[in-house]
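Heads up: the structure comes next, in structure tokens.
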Amino acid sequence: MEKFEGYIFAALCSINFLVSCLIFSRVTREQREPYMDEIFHVPQAQKYCNGKFNEWDPMITTLPGLYLISVGVIKPVVWLANLTGEVVCSTAMLRFVNLLFNCGNLYLLYLLICKLHLREKTRSASRRILSALSLSSFPVLYFFNFLYYTDAGSTFFILFTYLMTLHGCHKASAFLGVCSVFFRQTNIIWVAFCAGTLVAAKMDDAWRVEHTKKRDEKSLPSQVPLSFSGVKKVTLCVLEFLTSPGHVKAVLLVAWPYAVVAVGFLLFVLLNGGIVVGDRTNHEACLNFPQLFYFFCFAFFFSAPVALCYHRVLRFLQAMKRQPVLFLLVTVVSVLLIWKFTYVHKYLLADNRHFNFYVWKKFYRRHELIRFLVIPIYVFCGWNFLDSFKPRSLFWTLAFWACLLAATVPQKLLEFRYFIVPYLMYRLHMPLPSLHRLVVEFLFYSAVNAATVYIFITKTFHWPDSTATQRFMW
């Protein structure tokens, strides 16, 4: 980090923390008592604060990473400041831990952007800094910095895990991956992605060697065509790689720490009888393939300021013209997946405090045909998503898509929080946008954040059978 760039970034980190503290203060004054999932998280953390580590709320579905970190942060502060009474491990103090994670996420995003876009290191530092600032204010993630949820900490440890992988510190990366799993068990998918990037790099090397060998006979394409012949070539390459003892040994020598984590996670699943710790009846896995389509639309909406342009739309229309059979096949498959594999969780239909409730009620439930009529939008958003990965290698892209499918499809509940890590991974690997597009993105995110906090604070309501104040949120 250049000296001047470091000063600017440090100043922006301070401003970001100050603004977040002001918002945090207002949110906490308006909502002093635990809200939504906090009614489970806060009492459990307070039990840990009191040393009651053997007591557990069966309604909590995640491992105790958030509570352990909270106690580890709060207890030394309490001791140093000689605090006593209700302030110790209060709802406000527990929530404040997520503001610290927010600062960490901003710094990690900046380091990841610098590492992933080394070729653009000589370009304006403002683009790197603004990219990190914009992503740290990503609305779905930023809102939960002010409540005691697992999202901020979960994202922090996944980003840290990936950063260590990129720097070749695989033992540290595996340890941080374990920490991320203690925040949310499904993070094992992104630990697997970190290992997958190592496998992908080895397979890219093998592909280049094969390309060099056959250059005189028949040149292999640098970009594999999306056709049956292309799929056949990739499949044969993967099978040859996986059946080669030399290649497998080379991968294990590098990726063995992740293999240890994978074995440990499998033992946990066997001993626990599943991935979910508690309340399994409301967290059952299923093949909900439309979740992938929802994610495409979600990613397109939030990345539009940096991804959408006239030339990309034109390329999409040209691609449809060149390969009409392929797009027709994709459309038919989409119809079948939506027809046979759409699942609707009861929470989505009943809990009117979440924005996704209104997306479903006002749009998808208007008519049964709506979910089929929007397939052209899904196809465009999916193509746009795939087009953003053109600069990435073939096998890296395959690893990412495998993890994306594993992270989205098994989820029965449409929950925007589950899209945070996939979206950040997608956005981080996009080519570094121009400065004016980044400004638009940051202003867009800031406007959404302001509206979300405003609605949460001011637009309260009550249920007929309850006197508690209800609020709208992600």
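Every residue, even glycine, has its Cβ placed from backbone N, Cα and C.
Taken straight from TrEMBL:
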type: TRANSMEM; residues: 6-25; note: transmembrane segment
type: TRANSMEM; residues: 60-79; note: transmembrane segment
type: TRANSMEM; residues: 99-118; note: transmembrane segment
type: TRANSMEM; residues: 130-150; note: transmembrane segment
type: TRANSMEM; residues: 156-183; note: transmembrane segment
type: TRANSMEM; residues: 250-271; note: transmembrane segment
type: TRANSMEM; residues: 291-313; note: transmembrane segment
type: TRANSMEM; residues: 325-349; note: transmembrane segment
type: TRANSMEM; residues: 369-386; note: transmembrane segment
type: TRANSMEM; residues: 393-414; note: transmembrane segment
type: TRANSMEM; residues: 434-457; note: transmembrane segment
For the transmembrane segment (291-313), distant same-chain residues with Cβ under 8 A (at least six beyond the ends): 138-139, 334, 338, 377-378, 380-382, 384-385, 387-388, 404-405, 408-409, 411, 414, 416, 419, 422-423, 426-427, 430, 433, 437-438, 440-441, 444-445
Which of 6-25, 130-150, 250-271, 325-349, 434-457 contacts the transmembrane segment (156-183) most, counting Cβ pairs under 8 Å: 250-271
Residues of the parent chain within Cβ reach of the transmembrane segment (6-25), under 8 Å, 6 or more residues beyond its termini: 95-96, 99, 102-103, 106-107, 110, 125-126, 129, 132-133, 136-137, 145-146, 453
Intrachain residues whose Cβ lies under 8 Å of the transmembrane segment (325-349), provided they are six or more past its termini: 226, 282, 286-290, 293, 319, 356-357, 360, 371-372, 375-376, 378-379, 382, 412-414
Residues of the parent chain within Cβ reach of the transmembrane segment (393-414), under 8 Å, 6 or more residues beyond its termini: 186, 189-190, 192-193, 196-197, 199-201, 203-204, 207, 223-224, 234, 283-289, 291-292, 294-295, 343, 345, 347-348, 356, 359-360, 421-422, 425, 429
